[in-house]
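**Student:** Sharing a structure with you now.
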Amino acid sequence: MGTVKCIGILTSGGDAPGMNAAIRAVTRAAIYNGLQVKGIYRGYKGLVTGEIKEFKSQNVSNIIQLGGTILKTARCKEFTTPEGRQLAYDNMKREGIDALVIIGGDGSLTGARIFAQEFDVPCIGLPGTIDNDLYGTDTTIGYDTALNTILDAVDKIRDTATSHERLFFVEVMGRDAGFLALNGAIASGAEAAIIPEFSTEVDQLEEFIKNGFRKSKNSSIVLVAESELTGGAMHYAERVKNEYPQYDVRVTILGHLQRGGSPTAHDRILASRLGAAAIDAIMEDQRNVMIGIEHDEIVYVPFSKAIKNDKPVKRDLVNVLKELSI
């Protein structure tokens, strides 16, 4: 196990349902293996400012069902500077922390990679993001819960869209990845998904919608990823309104609703497995890897691979949506 006797845990970047389940798993697995645990508040900001507290098993009782993160999360400009990272390292050493477990997305893992390279600190990452955009893992903590939140919202929007015979553009999160939009569309029976991985022109949408109305579909729902590459739901809605004023068009932006809520059973189990595996990795002297899951097996993915590679959307899912929305 080397010289690791105390680990620090932090959550960074956008919050995701299941982060608390991961905090619980890391804490209890560490204690089970004889390690001391320190909770670092507000992500890398807490490492810079010294907001650090010892965690016992009872500190993580009754949190597995909670959304958000008890450790809080924040952006930290100071950590992007060498001076800020030096402060973070000094605080880490003062607290006796030998290794870090970072729960977050690609920005969080990028920060961990830089920190590890500069100070030779063992860092283990857990994929915590609703976007599901990290390479090397089939799914990320929070993605399943966000997908179910989208499904619940679209089911309700479908009721009013049908009643008023309207075309709804529903914008979902995902940044530059279309996993939420595409799989949300398949799960909800939406007519189309606009995602950054594949271009969609207004005339393609219009022909698709026309076909639906010819087949007695009196309403349609299109899910749009929030990416700058797509322009978002408002962009498409305005273009359709201008070019095809015969359609009654509405826009719903789900926004931060997707980040909240109690995590699903899938996310709780995933977070628990990944959290326990993070401690296994530390005990094995692993460093600077993300813990992922592929084909239901735990994998160690180097930070460089997880961060630099784009996670592809499966073309067969695009085809499934196209075939089922006729």
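Glycine too: its Cβ is placed from the backbone N, Cα and C atoms.
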**Student:** Taking Swiss-Prot at its word that Thr129, Ile130, Asp131, Arg166, Met173, Gly174, Arg175, Glu226, His256, Leu257, Gln258, Arg259 bind substrate, choose the one of Arg158, Arg250 listed for that site.
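**Tutor:** When Swiss-Prot describes the substrate site, the candidate it includes is Arg250.
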**Student:** According to Swiss-Prot, Arg75, Cys76, Gly105, Asp106, Gly107, Ser108 bind ATP; so which of Gly14, Gly18, Gly34, Gly39 is the extra one listed there?
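**Tutor:** So the ATP site in Swiss-Prot includes Arg75, Cys76, Gly105, Asp106, Gly107, Ser108 plus, from the candidates Gly14, Gly18, Gly34, Gly39, Gly14.
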**Student:** Would you mind reading off the Cα separation of Gly107 (ATP binding site) from Asp131 (active site, proton acceptor), to the nearest angstrom?
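**Tutor:** Checking the Cα atoms of Gly107 (ATP binding site) and Asp131 (active site, proton acceptor) gives a distance of 12 Å.
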**Student:** Any idea what DSSP makes of Ser219 (ADP binding site), helix, strand or coil?
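**Tutor:** Coil, per DSSP.
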**Student:** By CA distance, which of the binding-site residues (Arg24, Val26, Arg28, Gly189, Glu191) lies nearest to Ser108 (ATP binding site)?
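**Tutor:** Closest by Cα distance to Ser108 (ATP binding site) among the binding-site residues Arg24, Val26, Arg28, Gly189, Glu191: Val26.
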**Student:** Which has the fewest other CB atoms in a 10 Å radius around its CB: Arg24, Arg28, Arg75, the listed binding-site residues?
**Tutor:** Arg75
**Student:** Distance between Asp131 (active site, proton acceptor) and Val26 (ADP binding site) at the Cα atoms, whole Å?
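**Tutor:** Their Cα atoms are separated by 22 Å.
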**Student:** Could you check what DSSP calls Asp106 (ATP binding site) once collapsed to helix, strand or coil?
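**Tutor:** Looking at the DSSP assignment, Asp106 (ATP binding site) belongs to a helix.
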